[in-house]
Amino acid sequence: LPSYDIPPGVNQPAKLRLVLAVLLGTAALGRILEKTGLCSQITFGRYVRQGRKLGEDPKLFIQDLQFNKVPVRVYQPKATSDGRRRGIIFFHGGGWVFGSLDTYEKVCRYLSRESESVVVSVQYRLAPEHKYPAAYEDCLNATIHFMRNIEHYGVDPANVVVCGDSAGGNLAAAVSQTLAGRPDLPKLRAQILIYPGLQALDFNLPSYHQNRGVPLLFRERAAFFALQYLNGHALHMQEVLEGSHIPPDMRLKYRKWVSPDNIPEEFKVRGVKPLRSTDFIAEVYETVKRFCEPNLCPLLAEDAVVHQLPESFILTCEYDVLRDDGLLYKKRLEDNGVRVTWYHLEDGFHGIISLYDYCGFSFPSGKRGLDSVVNFLKSL
């Protein structure tokens, strides 16, 4: 891993150092447990991040169900409503490897209460046990089930939103693209993408270098998670980080969408590292060529799909390796006539919203970000 970097401009740097210490301690203990054969690092990491099931909420009805065999948790406001409510389908983050209904319980309760919406939190299958497209298929199937049975939940079929953070933002974007051309289902009202990861072609964009050592997501871990989701292992991580995994002609084809040239200049002031040319390795490409599928990397969807997408909200954080993924998708949406509301946390870091009210690790900037999502929902 790179040397860890807590920039002075980040929200509450001292508290972030404490979070980093917990992360490093967890990782070290996970390695010890794996070496002793007690459990894998990933299993231990899931246990630590699990969160706990909370008690009843005075303002919400909460129930665990299955939508088309996919576990979900449904949050419904108890207060009476004048009409049918908004529906939010939420996909949690965690690199497709971590995360659960319990991990995001407080976030989903907050969204449901504050926006007076019905929230459906989806427990999709996790990698590496379940490789791509398992998570995407679970999210899509749960969404379709909800939209076909929407009257049971008092939700307006014209006001359904998909929402997710990090890997969940990736899944929300992919589901939104898949449903964009479906005449048999209501059209999604909006998509909310919270610091989403949207491509795996270029791990050398400015934000990947500027924030390579900033918690909670390091540059190497971003590639590690993408490979775990795709292949169930991360054997070619170094080649992917260097860019050896994409053929030159394909890199040229996608350059119109995935390029530092499309990043606004103000995001380059902390430095841009020119991409040094690396030799293409055909054997590596054979193992990762599905990175070029839009259901895995939504930034690569054709314009014919992108221009059909619903109104969008994108949240980015300055101190986040995935910042530029969000900025590039914002440009693609706007270039295709899609209305975009963009909220940038200038002192935010990756994962800050998932820490809302989490074991004393809440950050004011994360609360601002969460409230920006609620304000967007109320504006629909």
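Quick reminder: no glycine exception, Cβ is built from N, Cα and C everywhere.
Noted in TrEMBL for the protein shown:
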DOMAIN    88-234  domain 'Alpha/beta hydrolase fold-3'
ACT_SITE  Ser166  active site
DOMAIN    276-353  domain 'Alpha/beta hydrolase fold-3'
ACT_SITE  Asp320  active site
ACT_SITE  His350  active site
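Feature map: TrEMBL annotations on the structure.
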{"residue": "Ser166", "record": "active site", "Cβ neighbours (10 Å)": "30"}
{"residue": "Asp320", "record": "active site", "Cβ neighbours (10 Å)": "28"}
{"residue": "His350", "record": "active site", "Cβ neighbours (10 Å)": "27"}
Inset, instruction - Can you grab the distance from Ser166 (active site) over to Asp320 (active site)? Cα atoms, rounded to a whole Å. - result: 11
Inset, instruction - Sorry to bug you, but what's the C-alpha spacing from His350 (active site) to Asp320 (active site), rounded to the closest Å? - result: 5
Inset, instruction - Provide the three-state DSSP residue tally for the domain 'Alpha/beta hydrolase fold-3' (88-234): helix first, then strand, then coil. - result: 61 helix, 25 strand, 61 coil
